[in-house]
Amino acid sequence: VRPRTEEASSSTFGHNTIDAVPNIDFYRQTAAPLGEKLIRPTLSELHDELDKVSEPFEDGFANGDELTPAEEAAAKEAAESKGVVKFGWIKGVLVRCMLNIWGVMLFIRMSWIVGQSGIALSCLIVAMATVVTTITGLSTSAIATNGFVRGGGAYYLISRSLGPEFGGSIGLIFAFANAVAVAMYVVGFAETVVELLAVNALMTDQTNDIRIIGTITVILLLGISVAGMEWEAKAQIFLLIVLITAIINYFIGTFIPVKAKESVGFFGYDSAIMWENMGPNFQGETFFSVFSIFFPAATGILAGANISGDLADPQLAIPRGTLLAILITGIVYLGVAVSTGSCIVRDATGNVNDTLSSQFITNCTDAACKFGYDFSSCKNTKCDYGLQNDFQVMSMVSGFGPIITAGIFSATLSSALASLVSAPKVFQALCKDNIYPGLGMFAKGYGKNNEPLRGYILTFGIALAFILIGTLNTIAPIISNFFLASYALINFSVFHASLANSPGWRPSFKYYNMWVSLAGAVLCCVVMFVINWWAALLTNVIVLGLYIYVSYKKPDVNWGSSTQALTYHQALTHTLHLSGVEDHIKNFRPQCLVMTGYPNSRPALLDLVHSFTKNVGLMICGHVRTGYRRPNFKDLATDQSRYQRWLLKNETKAFYTPVFAEDMRQGSQYLLQAAGLGRLKPNTLVLGFKNDWRDGDMMNVETYISMIHDAFDFQFGAVILRLKEGLDVSHIQGQVFFCWCCLYVCVWWTCMCGFADKRSPTVPLNVSDQRLLEASQQFQKKQGKGTVDVWWLFDDGGLTLLIPYLLTNKKRWKDCKIRVFIGGKINRIDHDRRAMATLLSKFRIDFSDITVLGDINTNVTAFEELIEPYRLKEDDMEQEAAERLKNSEPWRITDNELELYRAKTNRQIRLNELLKEHSSTANLIVMSLPLARKGAVSSALYMAWLEVLSKDLPPILLVRGNHQSVLTFYS
């Protein structure tokens with residue numbers, strides 16, 4: 001049962017009704033904080049003819065009450081007391097990414113890279129890797145902030161953007177790569193331990209010792225992981241402290257020259273050494289082979305995103321932690337490259353007796369000669385020391401060598417631990433989505449944190465299998481390519497989502513560019529082939545095979561992809577079914593059936609709708625042709641071809657669809673039922689305001705209002721446009737055509753007379769025609785720095801907010817700011833403003849201001865004059881006569897109806913006053929369309945509401961969605 005409150009004294013707008021105000025809980029996919037899920041009233045509940053007992057609550061806000069601040073605090077405290085461990089951006093993302101990016105490469109390979117490629121090219125190698133990871137980090141941040149991110153890391157980000165085919169393919173190999181990466185890091189740790197034990201301390205032989213130590217190590221790491229995320233996070237913090245201490249220890253050591261270290265090539269900072277090491281000196285290597293050795297160090301940028309489900313605020317933590325980690329680690333790598341190249345020579349013998357004799361001083365040109373050492377013998381025979389020869393050179397340089405060894409242990413163990421946690425999390429998310437049905441058993445989680453214990457066991461088994469091999473030199477490039485394939489698809493996801501221009505693509509992280517993301521995807525692919533061309537081919541074959549398998553199986557998922565966000569161009573060749581609730585919300589586009597008649601007869605209506613449907617939605621120009629004679633279908637086909645060409649010539653991406661019918665209502669029903677095909681089917685009816693409703697036959701008003709009722713019956717949204725100063729786009733084909741003719745005559749006359757008379761006389765339009773012409777063109781020009789005022793008074797699912805968002809993303813409207821006006825309670829206006837700001841931020845919609853309106857009810861009698869001609873006045877006649885008159889003229893307003901809806905009537909009057917007060921200078925007003933219950937509110941009364949609400953205002957768009965969510969804050 002939907003919770004409701006019936007305290008009129010504190011209700012929104014000072015009146016107790018059931019039409020709900022916007023509420024964040026309506027858009028959640030889980031229960032509300034206190035256990036009851038709040039659901040907005042459905043369109044049927046508000047619109048269909050129901051029991052008259054519910055009429056006093058016809059259209060208000062009893063359902064819209066939010067929790068008080070005290071209730072919210074209590075709910076939050078109750079949720080947090082359940083013991084679920086959630087991490088912030090430092091512990092959850094920054095620490096993990098730094099530990100993974102630094103890794104073992106920092107201590108045992110960076111100095112060798114400098115010796116091979118020199119300081120300049122080493123910095124270039126680090127810069128190239130950093131560029132790739134930075135672009136990927138920006139793309140990851142964009143996807144992570146495009147809604148709430150659940151667990152699953154890279155798999156979740158890719159699958160929710162590119163669909164289950166790419167997501168399932170990458171998810172499986174990414175989880176596998178992380179599992180094998182555990183073995184890589186553990187073997188690196190074991191090799192270091194074995195080197196320390198090499199002097200008379202080996203248990204069997206070197207290979208078997210690596211296997212034994214590696215097995216013991218991975219068992220201990222598994223124990224830490226299974227103990228829970230909190231223990232694992234504490235271990236990561238401890239390892240980071242050790243690692244940072246080792247780095248600081250190294251840099252301190254570079255400033256402490258020791259005489260005993262000179263024979264092994266360390267002389268302290270010197271310009272001669274720096275200059276000598278500036279250029280490359282490749283020995284059996286090339287630039288790209290050295291780059292391929294270094295790049296795996298940069299594959300840890302997703303370590304934080306991989307535990308997205310365990311982050312307190314993934315949208316904040318992932319961008320901040322990932323990008324800061326890339327920056328810090330990049331600076332450290334550059335610092336190590338410059339420092340090692342500035343104080344250590346490339347080759348050294350380690351012999352303290354290799355000094356210069358006085359008679360040979362003039363023949364020595366190496367930098368070591370400056371310090372009295374002659375290492376020229378290294379040019380003929382391989383030496384054991386120096387940048388190119390000693391992998392442990394950083395340990396030698398440091399102030400205290402064992403700390404560097406501890407740093408190596410910390411780097412390897414922390415990376416192994418992070419991968420051991422990441423792989424099961426990604427694999428669990430993949431299995432939960434049932435992409436591969438046979439793997440469903442691994443989806444089960446245990447404990448308060450839903451720990452994937454089965455996934456841990458599987459990861460342990462894979463890692464142990466590769467540890468027992470003892471060497472991973474062959475498989476390592478494939479793992480790097482698996483990571484790079486993931487990075488390439490993340491970048492491509494951002495490019496594709498931006499290119500598709502999906503309304504659901506609204507990342508709050510703005511520092512990304514679709515073309516930069518595309519360049520990042522290409523760079524990742526290039527790096528894959530640079531590292532190892534056959535491994536890159538193998539990776540692509542595996543991804544393609546898994547893609548084909550998932551495509552063939554067609555898993556039953558409900559979140560869709562950006563590939564299903566069709567554009568107008570694809571509308572001619574594609575028809576897709578709606579793949580589920582989440583996909584419907586995420587990729588929802590206003591597909592508009594616009595009742596234009598002939599397309600050129602309502603130019604303002606056409607231009608405005610085209611502004612927010614161009615390239616992102618479907619627009620059908622509906623035309624109902626009526627008549628009692630036999631329809632000429634040949635003429636209909638001719639007109640359809642003619643006006644479709646007119647739309648194309650005017651660069652309006654729309655379809656012209658005429659139908660013959662006996663009356664307007666029947667024709668609109670035909671269009672509502674039959675227009676469109678499959679996914680490309682209208683979901684929103686757009687009408688011009690009927691300005692002449694008081695001047696013509698009231699049956700036309702009955703038909704007009706019935707068209708709106710029919711749209712709601714078909715679960716369509718409804719939009720009504722009224723132009724400024726009563727100028728509307730309805731029924732003006734002849735007038736607009738006349739205005740254009742006059743304009744052409746003026747231009748022709750000016751040009752012709754300009755040759756004969758310098759005064760260039762013109763034939764001016766009269767005032768009425770000039771205003772009509774300006775009204776028809778007002779949405780064709782750039783709108784400038786104005787405002788689009790959104791009066792989101794009732795929660796219709798978000799269409800009232802989505803349309804102005806789409807408008808302001810277009811070139812003509814991009815300089816306009818969105819101002820939001822909402823209904824609130826007089827005694828909690830500040831709270832309502834904060835609640836709306838929170839909701840808009842979750843929707844990733846920019847706004848310039850939020851205004852909360854209190855009690856908007858008022859008692860105004862001028863409305864009586866407007867409706868006087870349409871009242872039934874049943875009290876002044878016999879009941880039988882009153883019933884006959886009501887049946888023959890159903891638009892008549894009964895006294896009972898007028899009294900029943902007096903509060904709502906007064907509300908429309910008061911809203912008009914507020915609109916004039918706050919939005920008189922707006923470029924466009926977008927406002928919630930008031931609902932009238934079918935069969936209970938007469939056409940004349942409803943039309944009077946619309947009239948009094950929208951009169952004497954800038955262009956106003958009255959919008960009512962079908963009360964199904966079209967906005968989401970889920971990714």
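Just so it is clear, glycine is given a Cβ too, placed from its N, Cα and C backbone atoms.
Just so it is clear, the model here is predicted, and its values are computed rather than measured.
According to TrEMBL, the feature domain 'Amino acid permease N-terminal' maps to 8-66. Look at TrEMBL and you will find 92-593 tagged as domain 'Amino acid permease/ SLC12A'. Sequence annotations record features per position, and here TrEMBL assigns domain 'SLC12A transporter C-terminal' to 602-734, 765-971. Look at TrEMBL and you will find 93-113, 119-149, 170-190, 210-230, 237-258, 286-305, 317-336, 400-423, 453-472, 478-499, 511-529 tagged as transmembrane segment.
It is 237-258 that, among the stretches 93-113, 237-258, 317-336, forms the most Cβ pairs under 8 Å with the transmembrane segment (400-423).
Looking at 170-190, 210-230, 478-499, the range that has the most CB pairs within less than 8 A of the transmembrane segment (119-149) turns out to be 478-499. Cβ atoms under 8 Å from those of the transmembrane segment (453-472) belong to residues 176, 178-180, 182-184, 186-187, 190, 207-208, 210-211, 214-215, 218-219, 222, 225-226, 420, 423-425, 427-428, 441-442, 444-446 of the same chain, restricted to positions at least 6 beyond its ends. Helix, strand and coil content of the domain 'SLC12A transporter C-terminal' (602-734), in residues and according to DSSP, is 60 helix, 28 strand, 45 coil.
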